[in-house]
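Comments concern the structure below.
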Amino acid sequence: MFLQLFNIVLIYGVRTSQSTWINYPENCTSISLQDGLRELCGGDQLMNIRNQLLDDTYKEIGEICTPNYSMEKKSEGYRCASIKKKVICKMLENFDHEVTYISESHPIDKAKCHELIINKDLLNNIEEPYYPPPKCDSSKSSVSELEFIKLINYDVILDPVGFQNEDNYLFQFDKTNPIPIDYIYQSEFCQSKNWICHGDKSYIPLEIFKGDNQASIRLELIKLSIIYDSNFGELPIRDACRLHYCGKPAIKLFNGAIIKIKESPIVLGLPSCNRSRIEMPETNLAKKRYSNVGPVLLTTLNKRFELCKKIKKNLELKQPIPINNLHYLAPFEPGKHPALVYRLVSTTINQSLRNKVVPVSMLSMSMCEYITGQIIEDGIKRNLTDEDTVIILANNKEIKWKDLKGRENWYQEQANPNIIDKNPDHLSYYWYNGVMRREDKFTYPSRYILQTLKKIYTDTERESRISFFKFRLERNITKTEVIKFRDIEESSDQDHSQSVNKTLEGDDYWNWVEETTSDKNKTDGSRGDEKQTIQNKEYWNEESSIWGISTIITVLGIYYIYRKNRREKIFLNMKHRVQRFFKLDY
């Protein structure tokens, strides 16, 4: 949940999900550009989470485990039974004898069985039950009866939650020790060694992405959720309860998932599960619901890191940087990291921000404490009001529209009078890491990794309609508009602003920014290896490529001229011109 990489807004976001995970900067203080550059890209490591809260709480939680539902639930062992053999002899009217044989078996409770095994050595003193000889009397029916205590081998599948009942037990025996061993919890499913566990390594280790280990990804996100719940929530783990599972203490989460963590005050503060929670269907965290998503995430991490280092190198060399590529420098981990803001952005007639280049002298750096949160997307509204809640952080802090607008370091773009001369209200304001607002709406760049992790975590959460952070806000939230662009092409020119507004007026807004869920097993692939010629011509574009209408028209025009001139026998001259055109840099 805390890996924030890409500047793309996923147009395949879940239709039922009403929020976008973000990494929000707070408590920012200005630092020099030189100091900020040293901290960019996480220093010299792929992941760099510096957060005292996480440092302290991770050790308290320790290892987190969940059942492996592919394991066999069958248990095999011994139980005691009282077996009665009866023989009834009755004389008939013709003076014949009718003999009836009856066998009865009655279970013996666990404590009594344990005592009998030790006192009577049932394991070695094996006696097969047999019927006594009939005793027939001429005057009345007679009954002969024998009772035997026997160990019976059982092969059963028992409910992992129902083991508290004394009638449910199985014993096994060590060859060197006649004392019975409680074995009901020893099915493959219940054995702790077969559970899927995520170690107490600090933070999200890169190993969880190898081999497409979606269970470890979910466990890590649950672990991070527990950290925030235990520090900021009303309960140590929100909407969770304690129960005995496979005979050991466990926790049932709000979505039915079963987990085990180290005994600590976090666990002891939970209530016991009532019957309805016990009977609630379980969620299999180990189920692989997406194909090959782990390696894609790992590849994305590495490519993002390499791209970030290239941009950082250009900044250190005082070279100007295309404005949209600066978003790649935004930190993707919580904790203390730099934030970048551009103090001056000029309005251009170009439709895409890709053509805007920001000089290094126009960049400012701040050191901020990042905390994970989510943007509230509860519908569409033309204008945000000051009291509208637009962001809720993991510590339950609300960020209202007036709070966001009142933050430091908002810079208004510089108007070009040849483009915008009558309505300066349509100018954009730029903030940290590419956050932008125009009039009473704002854009917050989303990240591919964050939203992919959200999908993995919330794929079972949707059914319960409970948000990941489980906020304690029981009230209706005023519907607000949060505009998200596919390729962060939030151009500040007037024409593009009008086209965006027209788009939002239609009924296809949700189809634009969200996905359909018709195929839950659809592969979440990478964004491809598209090349983008910028500065050193080695930048890898992590975003979705979107061609504007003007670009398409330009290409078609070039193609038309190319065909026309080829017919006119001046092909080589035209080929040279086309090559020169495409070699132009930004």
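All positions are counted from 1 along the displayed chain.
Cβ from N, Cα, C; glycine included.
Database features, via Swiss-Prot:
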type     : residues : note
CARBOHYD : N27      : N-linked glycosylation site
CARBOHYD : N68      : N-linked glycosylation site
CARBOHYD : N274     : N-linked glycosylation site
CARBOHYD : N350     : N-linked glycosylation site
CARBOHYD : N383     : N-linked glycosylation site
CARBOHYD : N476     : N-linked glycosylation site
CARBOHYD : N501     : N-linked glycosylation site
CARBOHYD : N521     : N-linked glycosylation site
SIGNAL   : 1-14     : signal peptide
TOPO_DOM : 15-544   : topological domain 'Extracellular'
TOPO_DOM : 563-586  : topological domain 'Cytoplasmic'
TRANSMEM : 545-562  : transmembrane segment
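The Cα of N27 (N-linked glycosylation site) lies closest to that of N383, out of the glycosylation sites N68, N274, N383. Listed in sequence order, C241 are the same-chain residues six or more apart from N274 (N-linked glycosylation site) with CB atoms under 8 A from its CB.
A count of other CB atoms within 10 A of each Cβ picks out N68 as the most crowded of the glycosylation sites N27, N68, N383. Put simply, N383 (N-linked glycosylation site) is 49 Å from N68 (N-linked glycosylation site) when counted between their Cα atoms. DSSP assigns N27 (N-linked glycosylation site) to a strand segment in the three-state reduction. Taken together, the residues of the topological domain 'Extracellular' (15-544) have an average pLDDT of 73. A coil conformation is recorded for N383 (N-linked glycosylation site) in the three-state DSSP classification, outside any helix or strand. Secondary structure at N68 (N-linked glycosylation site), as computed by DSSP, is coil.
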